[in-house]
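As written in TrEMBL, here are the features:
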type: DOMAIN; residues: 10-154; note: domain 'Flavodoxin-like'
type: BINDING; residues: Ser63, Thr64, Thr65, Gly66, Asp136; note: FMN binding site
type: DOMAIN; residues: 200-436; note: domain 'FAD-binding FR-type'
type: BINDING; residues: Arg345, Arg375, Gln376, Phe377, Ser378, Gly409, Val410, Cys411, Thr412, Trp589; note: FAD binding site
type: BINDING; residues: Thr450, Ser505, Arg506, Arg514, Val515, Tyr516, Val517, Gln518; note: NADP(+) binding site
Amino acid sequence: MTNQDSFNHLLILYATETGNTQDAADTIARQCRRLSLRARILSIEDYPLPDLVSEELVIFVVSTTGSGQEPRSMTPFWHMLLRSDLPTDLFEDMTFAVFGLGDTAYEKFCWPAKKLSRRLLSLGAVELCERGEADDQHQLGIDGALVPWIETLLRALLGYLSLPPGMTDTQPSSAPPPRVRLTRIEATSDKNQPQIPSRESRYQAKVKCNTRITATDWFQDVRHLELDFDQDIQYSPGDVAVIYPIASSKDVDSFLQDMEWASGADDAYTMEHIMSDQTLPSNLPSVITFKELFTRHLDFNAVPKRSFFQYLRYFATDELEVERLDEFLSLEGADELYDYCFGVRRTIREVLMEFRHTKIPKDYIFDIFPPLRPRQFSIASSVKKHPRQIHLCIAIVKYRTKLKVPRRGVCTSYISRLEPGNELLIGIQRGFIRLPPDKNTPILCIGPGTGIAPMRSVIEERIHAGSTANTLYFGCRSASKDHHYGSEWTEYAERQKIAYRPAFSRDGPTGTKRVYVQDRIEQYAEETWELVGKAGAWVFISGSSNKMPTAVKNAIKAAAEIYGGYSADDASRYIEDMIQEGRLIEECWS
């Protein structure tokens with residue numbers, strides 16, 4: 001395809017867990033307008049997969065979740081691509097590019113994007129340009145790789161397409177059209193009625209309890225929540241609850257006052273989606289007020305991306321603000337932008353207060369402000385033990401930036417305010433954990449900190465089924481301060497339902513080596529190999545993705561070497577085989 005018709009046939013498919021790839025897809029589509037390309041953007045879960053064989057030009061934007069796994073929304077697509085009966089020339093008419101999002105804190109950096117590239121090539125597709133890989137550890141975040149990769153992509157598209165005379169790759173000097181057109185209307189009975197999105201089942205829940213389970217004098221506030229439902233619900237161990245945060249009315253009112261939008265905060269607007277190559281939040285009502293928008297749908301407390309500063313530059317009129325924005329957006333100003341914004345986690349609201357002469361046109365609110373994203377939390381209960389209930393174990397996010405400014409997570413702040421009797425919508429997503437089909441197959445659960453949540457779900461499910469072949473490694477700092485569900489584990493151990501191996505890293509004498517879950521596994525290395533190597537135990541790892549998952553797998557490798565007689569290379573291959581067989585499953589997050 002190398003003619004004028006191609007200019008409306010670019011498809012961008014994104015697969016995301018948290019929304020970052022959706023933002024990246026929007027950015028790519030905006031930049032493709034420089035070649036007069038108008039892209040179609042779709043979540044991969046909303047795209048009819050059989051149609052892919054007819055596509056000629058596709059850009060895939062794919063995030064990484066867990067430890068090298070594809071986003072849940074991508075799983076059906078990936079399983080379809082892995083079918084052994086697919087012909088090797090299936091996509092011979094497709095030209096594609098892949099941009100992956102990942103984090104080098106994980107072992108398998110951008111793994112889904114790498115696997116997707118290889119599989120498409122094996123099915124006959126042609127790669128347009130080198131794959132892009134964004135590292136969340138980069139000082140500019142995703143933009144550190146996305147911005148230069150887009151330039152590579154556009155150069156490749158210039159070579160691929162036969163452009164009409166006079167058409168060139170040009171940088172826009174004025175603001176692109178806004179995504180929406182807002183029209184003020186008289187208030188109607190429909191306003192402020194959120195449209196419930198349909199990507200996963202959602203249920204009305206009522207808070208039964210919201211209890212702090214860390215000591216009152218402990219630095220971290222961890223909550224145990226119990227949510228009641230008036231209907232039967234179904235979920236499996238390892239599944240995820242999706243919570244849609246609501247910003248506090250005090251913060252919203254103050255923000256609207258700062259933006260000089262307070263006087264019309266309750267005016268009703270209709271929204272017309274006029275730029276189809278830019279996405280919108282999927283749960284927007286047809287009629288809404290600004291107060292409702294910033295309460296439920298748009299996030300003014302997010303750390304802005306580089307594109308935010310580009311939009312500010314379009315609207316800036318003050319000479320000093322223009323000069324500063326030009327410096328931020330220059331190649332030489334990348335470090336200064338990092339120091340000003342990303343390194344200290346300055347929020348959109350704080351930036352707008354500093355650039356107070358720059359006024360945002362109302363039609364551009366969806367271009368300036370990112371969606372108020374839902375947050376995912378591993379379910380900490382078994383529905384078989386707690387029918388019509390979901391339990392959650394959630395750490396309330398609170399910290400100080402490098403500027404000593406206090407911060408609270410938007411969603412966990414909302415959760416911390418919930419009281420018994422309050423109602424909220426809960427979504428349920430399939431997790432990555434699968435239990436062994438035989439209840440007598442041993443399992444090892446490793447879940448330090450709030451990583452205990454899915455492990456609690458697993459253990460409750462197993463005990464309900466009559467299994468006693470369960471070993472739990474839990475790690476925290478102090479047995480008396482943050483020993484989540486400690487009394488439950490002790491009781492189960494006394495009843496011989498589990499073997500319990502806790503690690504309290506700060507309870508040892510001063511100057512002694514701190515003990516973590518991986519150290520406990522090393523301590524019980526012979527038992528570990530008896531279970532894993534001889535009895536075929538399954539291993540579940542949950543918690544932070546920093547060093548813990550790798551350290552745990554290294555401890556199991558060491559057990560294979562010492563008590564299984566494996567060489568170092570063979571022990572590594574044994575762990576990889578466990579992963580491939582589904583006997584070692586990680587549910588980790590950064």
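Heads up, the Cβ atoms here are built off N, Cα and C, so glycines get one too.
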Residue among binding-site residues Thr65, Ser378, Thr412 with Cα closest to the Cα of Tyr516 (NADP(+) binding site): Ser378
When distances run from the Cα of Ser505 (NADP(+) binding site) to each of the binding-site residues Thr64, Arg345, Ser378, Val410, the nearest one: Ser378
Length of the line joining the Cα atoms of Gln376 (FAD binding site) and Arg506 (NADP(+) binding site), in Å: 29
Nearest of the binding-site residues (Ser63, Thr65, Asp136, Val410) to Val517 (NADP(+) binding site), judged by Cα-Cα distance: Thr65
Whole-number Å value for how far Thr450 (NADP(+) binding site) lies from Val410 (FAD binding site) (Cα to Cα): 18
Winner by Cβ contact number (other Cβ atoms within 10 Å) across the binding-site residues Thr65, Gln376, Ser505: Thr65
Those binding-site residues of Arg345, Thr412, Arg506, Arg514, Val515, Gln518 having Cα within 10 angstroms of Ser63 (FMN binding site): none
For the binding-site residues Arg345, Arg506, Arg514, the one whose C-beta sees the most other C-beta atoms within 10 angstroms: Arg345
Surrounding CB atoms that lie within 10 Å of the CB of Asp136 (FMN binding site), all protein chains: 19
Cβ atoms near Tyr516 (NADP(+) binding site) (within 10 Å, other residues, all chains): 20
By Cα-Cα distance, the member of binding-site residues Thr65, Gly66, Asp136, Thr412 nearest Gln518 (NADP(+) binding site): Gly66
Rounded to the nearest Å - Cα separation of Ser378 (FAD binding site) and Thr450 (NADP(+) binding site): 9
Arg345 (FAD binding site) versus binding-site residues Thr64, Arg506, Arg514, Val515 - nearest by Cα: Thr64
